[in-house]
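Asks: Below are the features I grabbed from Swiss-Prot:
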REGION    1-27  region 'Disordered'
TRANSIT   1-64  transit peptide
DOMAIN    67-214  domain 'Thioredoxin'
DISULFID  C109-C114  disulfide bond
ACT_SITE  C109  active site, cysteine sulfenic acid (-SOH) intermediate
Amino acid sequence: MATLSLPNHSPTFALPSQTPKPHSSQNLSIISKSAHSQFCGIKLSHSSSLSPPLYPRSYKASIVAKVSEGSMPPAFTLKDQDGKNVSLSKFKGKPVVVYFYPADETPGCTKQACAFRDSYEKFKKAGAEVIGISGDDSSSHKAFKQKYKLPYTLLSDEGNKVRKDWGVPSDLFGALPGRQTYVLDRNGVVRLVYNNQFQPEKHIDETLKFLQSL
């Protein structure tokens, strides 16, 4: 009987080549204070080569505010816009609004500062003082205060020590200093903590509403 011989070849399968598609996401790039950005020194861009770092999903959960409602915040002494030392204890005996903001002369921060200015008489009527804190130096604060006729105190937290002591959370994966406001009662106890980075004027609405409810 005749036998049939087949070539000894293993079957070959061709797989289509796959090129990973680039992840479509917005990149972060740092801009100067003078640029027109609502994000106070941070701009979102499709063209920048600087990509945001990849953080684990638990990143936000890992930030625990050190100062919460019902607590006594850490004391501090900082220089004001005139280079004079100002202590938090100076304001004890009356309600005080302490708002942390990213930087002077940035669009969102200027809008917030001017909103506090425009409502300052309402804060005074409620018996409260207003203090703004950022990492800018005293000379920057002085120019900022004079330019926009701000009637309240600005304090310089160079090195962001007080910001860290109070546990003010950052935004945009740590690239942007947080915008957080605290209301302390006459005994120095925190009664309200409000955080809203991209709606700066809401800080004024929420703190006034709270003060007027006391």
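Just so you know, the numbers here start at 1 and follow the chain as drawn.
Here the Cβ of each residue, glycine as well, is placed from N, Cα and C on the backbone.
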Asks: What average pLDDT is reported by the model for the domain 'Thioredoxin' (67-214)?
Replies: 96
Asks: Under DSSP, the domain 'Thioredoxin' (67-214) has how many residues in helix, strand and coil?
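Replies: Its residues divide into 51 helix, 35 strand, 62 coil.
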Asks: Which ones in the same chain are close to C114 (disulfide bond), with CB under 8 Å and 6+ residues apart in sequence?
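Replies: Listed in sequence order, they are Y148, L150.
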